[in-house]
Each structure stands twice: as structure tokens, then as C-alpha cells.
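As annotated by Swiss-Prot, [4Fe-4S] cluster binding site applies to Cys46, Cys50, Cys53. Per Swiss-Prot, [2Fe-2S] cluster binding site is recorded for Cys90, Cys121, Cys181, Arg256, and the stated evidence type is sequence analysis. What Swiss-Prot records for 28-258 is domain 'Radical SAM core', and it gives sequence analysis as the kind of evidence.
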Amino acid sequence: MTLQQIKEIYSRPLTELILQALEIHNKNFGNDIELCSLKSIKTGTCPEDCKYCPQSGHYNTSIEKHKLLDKDSILAEAKNAKDAGSKRFCMGAAWKHIPKKDFDQVAEIITEVKNLGLETCVTLGSINADEATKLKQAGLDYYNHNLDTSREFYPEIITTRKFEERIETIRNVANADINVCCGGILGMGESLDDRFNLLLELLQLPAAPKSIPINTLIPVKGTPLGDKYTNAQIDSFELVRFIATTRILFPQARLRLSAGRENMSLETQTLCFLAGINSIFYGNKLLTENNATVNSDNFLLAKLGLKSNAELC
């Protein structure tokens with residue numbers, strides 16, 4: 001697949017593009033939505049300078065910071081997520097690298113969440129090959145490590161971690177036989193070519209991602225992008241085109257509509273489902289920011305006649 005071929009797919013008439021994406025989707029998935037819950041288990045004071053992130057220690061934001069939560073409180077959240085209908089429990093920690101003093105505790109938490117009957121996913125920053133192997137032994141199903149944007153636009157967003165470091169972490173995850181969860185953020189001021197190059201980078205990863213989060217920028221006051229923009233720099237049609245193109249390129253991946261969904265109309269979300277989305281974060285909170293409400297999600301899924309994949313198991 002070349003950059004030009006991706007452009008040609010994206011540029012098709014919208015109805016034709018959505019129809020092809022829907023046909024590919026229906027060949028590979030049932031009529032279900034994967035519900036995932038996301039919990040910030042360590043919040044704030046991150047040494048990274050990601051210009052979109054309120055958890056960066058470089059910026060003055062109003063988030064409530066806390067160290068790694070205790071195991072019991074995390075397990076209580078996981079049980080609540082399962083009872084609410086989630087199939088996967090994702091845990092995020094604002095680290096560049098997981099501290100050695102916290103590694104064993106995180107591994108134990110993964111094991112106990114897995115024992116609840118939930119799929120497990122974590123995002124802990126960069127990890128080496130040995131750490132990836134130990135996380136696999138603990139029962140980890142998915143490791144999230146987003147590319148965020150194209151290799152070319154990346155230095156405009158992050159300077160504290162090289163793009164190639166992200167690729168290396170994904171290689172370590174794949175070599176440990178952990179499913180790769182990797183996507184990006186749209187609406188940060190990137191060009192269309194940057195979005196196409198992001199897709200090309202995802203195609204060239206050491207292992208094909210089984211899960212692709214598609215985020216739109218949530219401008220948070222105090223961050224460079226939050227002070228620059230009042231909303232994500234992408235319209236609904238561009239978003240739907242990007243999702244449909246991603247579905248065509250990744251026929252067997254779960255595509256998750258992630259950050260920014262709270263600001264989308266139900267009609268826009270419906271178009272996203274038609275274009276290939278079959279996973280959402282479920283719950284009123286998304287790390288430190290608000291998410292679409294559970295009531296709103298239940299209403300929309302009922303209107304569309306969609307069930308969670310947990311209900312179908």
C-alpha cells in the first residue's frame with residue numbers, strides 16, 4: 001500500500017467509501033459493539049511534553065494528580081465496569097517508563113483484573129522486551145501505545161520521546177505475543193497528508209494492530225493545543241472518511257471511537273459506526289476528561305439495534 005493509494009481510497013465519493021467499508025466490516029465482524037472501560041491508575045506529573053495532554057508535568061492544568069492507586073480500589077472499578085457491561089478494562093498511567101518500584105504491583109493488578117473475567121489492557125509508556133514478557137506472563141491481553149500522528153508532524157507535538165521509540169515499544173509488545181493497540185489523534189493541526197502518513201505507519205508496524213483507537217483532540221485549557229484551539233481541527237465528514245479508510249485498510253481490527261466522542265452528535269456517531277467503528281470507551285470518564293455518558297450510549301445503541309460483544313458471549 002502506498003500513500004497515493006491511501007489518498008485515492010479516502011477521496012472516493014463518500015457514499016461509495018462508506019459502502020465499501022461497511023461491506024468489509026460485515027465480512028469480518030458481527031453486528032456488535034465492543035465496550036471498553038478506561039481508568040487512570042496514576043494521574044499527572046508526566047515528564048513528557050505532549051502538547052495535547054493535561055497530564056504533562058510541563059503544563060499548568062486543573063487535573064487532580066495522584067500516585068499509583070491501590071490494588072483494591074482499581075479492582076473495585078474493574079468490577080463495576082464488568083457489571084455495567086464492559087468486556088475490557090484498560091488502565092492508563094502517566095509515565096514515560098514504568099518505574100521499577102511499581103512494576104510488580106501493576107503486574108499483580110493485571111492478573112487480578114484478568115481473574116475477574118475481563119480482558120486486560122494497559123498503557124504505561126515505553127517498555128523493554130523483558131518488561132513486555134513479564135506483562136504477558138501476568139495475563140495482559142493488549143498493550144496500548146499510540147503513534148499519535150505522522151512521523152513528519154510528530155516533532156510539532158512531542159519532543160521528549162522520539163517516534164522510533166514508540167515503534168520499538170510496539171515491537172517489544174508484539175514479540176511478547178501481546179495484542180497491539182495503536183492509533184492516533186486527529187484535529188491537532190495536522191494536514192490531510194499527515195493523516196494518510198499515520199495510516200501508512202500503522203500498516204508498517206512490526207505487528208498489525210488488533211485494536212485502533214481513533215481520537216479527536218480535546219482542547220484542555222493550560223496545554224499548548226488547548227490554548228491554541230477551542231475545538232478539534234477536523235469536521236465530521238473528514239472524520240467519517242478517515243474511519244472508513246481505516247476500516248478498508250484494517251479489515252480485522254477493532255476500530256475504537258475514543259477521545260472527543262462527548263462532543264459529537266448522535267448522528268455523527270452513527271455515521272462513524274456505519275463507516276467501521278465497532279468499539280467505544282464506555283463510562284462517564286475518559287482518564288481525566290469527560291466521556292459520552294452511559295445513558296447517552298445506551299440510548300444510541302438501542303436506537304441502532306446494536307448489542308455489546310459482552311452480551312453476545
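Numbers run from 1 along the shown chain.
Backbone N, Cα and C define each Cβ position, glycine as well.
Here the Cα atom of Cys121 ([2Fe-2S] cluster binding site) is found 20 Å from that of Cys46 ([4Fe-4S] cluster binding site). Apart from the site residues Cys90, Cys121, Cys181, Arg256, the chain places the Cβ of Cys36, Leu38, Arg88, Thr123, Tyr142, Asn144, Ser211, Pro213 no farther than 8 Å from the centroid of the site's Cβ atoms, the recorded [2Fe-2S] cluster location.
Among the binding-site residues Cys46, Cys50, Cys53, none has a Cα sitting within 10 Å of the Cα of Cys90 ([2Fe-2S] cluster binding site).
For the pair Cys50 ([4Fe-4S] cluster binding site) and Arg256 ([2Fe-2S] cluster binding site), the C-alpha distance works out to 21 angstrom.
The C-beta environment of Cys53 ([4Fe-4S] cluster binding site), restricted to residues of the same chain at least 6 apart in sequence and closer than 8 Å, consists of Cys46, Tyr59, Val220, Thr223. Counting every protein chain shown, the number of other Cβ atoms lying within 10 Å of the Cβ of Arg256 ([2Fe-2S] cluster binding site) is 25. Annotation for Cys181 ([2Fe-2S] cluster binding site): spatial neighbours Cys121, Thr123, Tyr142, Tyr143, Asn144, His145, Pro209, Lys210, Ser211, Ile212, Pro213, criterion Cβ-Cβ under 8 Å with sequence separation of six or more. Local packing around the binding-site residues Cys46, Cys50, Cys90, Cys121 was summarised as the count of other Cβ atoms within 10 Å of each Cβ; on this measure the leading residue is Cys90. Excluding the listed site residues Cys46, Cys50, Cys53, the same chain places Glu48, Asp49, Tyr52, Pro54, Gln55, Ser56, His58, Ala94 with Cβ atoms within 8 Å of the centre of the [4Fe-4S] cluster site Cβ atoms.
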